[in-house]
C-alpha cells in the first residue's frame with residue numbers, strides 16, 4: 001500500500017467518526033422515542049362493526065314491521081287508539097321474537113364452537129391458556145338477545161311517535177309513512193356505511209322495500225275488509 005494513501009485514510013478516519021457517532025445517537029434516540037408495539041393495545045373494530053350492523057338491521061326490522069302493522073290497521077280503522085295499540089303490540093311481540101331468536105342462534109353457535117375447542121384440547125391442538133382465552137371470547141347469548149330486542153324497540157318507536165299526537169286519520173297515515181321513510185333512509189345509509197356498500201344505492205333499496213311492505217300491508221288489509229271477511 002502506498003504510504004501516502006495510508007496517511008490520507010488515517011487522517012480521514014477521525015473526521016468521519018463524530019458523524020457516525022452522531023448518526024448512531026440519532027438512531028438510538030428514535031428507537032427510544034418509538035412506543036413499544038407490544039404495549040400498544042390493538043382494537044378489533046371488525047367485531048364492533050358486526051354488532052353495530054346487527055343493531056341497525058334490528059332497528060330497521062322494528063321500524064318496518066311496526067309501521068306496516070299500523071298502516072294495515074289504519075286502512076280499516078280510523079281511530080288513533082287502535083293504531084297505537086296495534087303498534088305497541090307489534091313492538092312487544094317483535095322485540096320478544098327477536099330476542100328469543102338471537103338467544104337461540106348465539107347459544108347454538110357457542111355450543112358448536114365450545115365443542116370444537118374441547119376436541120382441539122383433547123387432541124392437544126391448543127393448551128389450557130388458549131382454551132380459556134377462546135372461551136372468554138365467545139359471545140354472550142343474553143347480551144345478544146338484549147341488544148336485538150332493544151334495537152327492534154328503538155326502530156318501532158319511530159312510527160309510534162309519529163302517530164301518537166295526530167288526530168286526523170289521513171294526516172296520521174301520512175306522518176307514519178314520512179317518518180318511517182326518513183328513518184329507513186337513515187338506517188339504510190348507516191347499514192351500507194358499516195358494511196362498506198354503496199351508500200345511495202343501498203339506502204334507496206331499503207326505502208323502496210319499506211314502501212312496498214307498507215303498501216302491500218295497507219292494500220291487502222283494505223281489500224280483505226271490503227270483502228266482509
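Using N, Cα and C of the backbone, Cβ positions are placed for all residues, glycine too.
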Discussion item. Under TrEMBL, the annotation transmembrane segment belongs to which of these stretches: 59-79, 80-100, 101-121?
Written reply: 80-100
Worksheet item: List, by number or range, the same-chain residues at least 6 past the transmembrane segment (173-194) whose CB is under 8 A from its CB atoms?
Response: 49, 52-53, 56-57, 59-60, 63-64, 67, 70-71, 74, 155, 158-159, 161-163, 166, 201-207, 210-211, 214
Practice prompt. Could you tell me what the rest of the chain brings near the transmembrane segment (206-225), counting residues at least six beyond its ends with Cβ under 8 Å?
Written response: 60, 63-64, 67-69, 71-76, 177, 180-181, 184-185, 187-188, 191
